[in-house]
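The next block holds one structure in the form of structure tokens; read it before the comments.
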Amino acid sequence: MKIIGIIAEYNPFHNGHLYQIEKVKEIYPESIIIVAMSGNFLQRGEPAIVDKWVRAKQALLNGVDVVVEIPIAGCVQPADRFAENGVRILNNMGCEELFFGAEHAEYDFMTYAQLVQNLDSTEFSKKNISYAEAFQEAVAAKIGHNIDSPNDVLGLAYAKANLKFGKKLKLNPISRNVAGYHDKSLSPDSNIASATAIRKVLFSKDHNLVDKYLPSYQDLKDEKYISWDDFWPFLRYKLISSDIDELANIYGMAEGIQYRMKKKALELKVEATFDEWLKAVKSKRFTYTRLTRLSVATLVGMKVNDVSLYNKFPYVHLLGFTKNGQKALNIMKKNSEIPLLAKISQQDKDDFYHVDYRAGKIYQSQNYKEQDLKRAPLIF
């Protein structure tokens, strides 16, 4: 029994994701597939278009055997930390191989990881460019070419994490089929489109265009689609009503950015949108993605201590499984060092799960569905 791991967001689950799962089954027909998935807020600091339960259901109905949630403190992170938290979870769940999409599947990501493992990240802050740009420059100098496509960047991050944890996973990059990560339009000649293009159409309400790109559209068509527009009034209130010292304790705050975030929230016209606020706050050092992650941390009140605690005492939330997946869960219970939460209790929500619970309640304010407390895993 081969246990395969995937780290994903499924925002939403589309035919490109299905293609990846089918490739796994083609290579390992009897495998068990475990997915470590982002929750209601995603790695790049965006709210998921539909909640984690809908996305987990879509995965389980399309070939995945177990879906677990990467807690928000491990998920809303730069690529390296996101990858590290995902790989740590999959290692502890007994996965032997990691499959992931890549723009350049021919790259030897593990060799690249060995070449860049000793980069001095403290030097990056001395340059008048973003951390991501400084990192890209340093990587290119080590390996001889740029790695700047989104999934290649994640592939390198997975390899670095795998190196850190003793190379327990075999890495299997799969070429992205047709659509690029940030492609904004649907191709009429293919049934695969980027999640970016699909979300754009779903938000436009022109849903008849998107059906062929989604294997589980019926699960999506009656959902309310969530975006930053839904949470901007809450974030703006938080920025205006919080004092500077309080904001300074939010995870990711640095270089006094809290002053600028608060100032622009106060100064912009009443009808200003989240995107307009982002443009007003953005600088060379603070990219849009860095600011959206900061925005999530501010919205849910995720502090430096919360992330430190998660790093020391990680946990994972079980969202759903199939009968086949139950076998992998039985193995994990015997061998894992990370607690697996099947149902969130009152004690959990008041203890280590409090940030995830708060994030769920904030998301629930817009989709009106209980996200955590006493909610049982999906079983198929």
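Note that Cβ sites are derived from N, Cα and C of the backbone, with glycine treated the same way.
As written in Swiss-Prot, here are the features:
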- 7-20, GLY101, ASN151, ARG176: ATP binding site (BINDING)
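What Swiss-Prot annotates, mapped onto the structure for a quick look.
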residue : record           : Cβ within 10 Å
ILE7    : ATP binding site : 25
TYR10   : ATP binding site : 25
PHE13   : ATP binding site : 31
GLY16   : ATP binding site : 22
TYR19   : ATP binding site : 18
ASN151  : ATP binding site : 19
DSSP three-state assignment for ASN151 (ATP binding site): helix
Where TYR19 (ATP binding site) sits in the secondary structure, as DSSP reduces it to three classes: helix
DSSP-derived class (H/G/I helix, E/B strand, else coil) of ILE7 (ATP binding site): strand
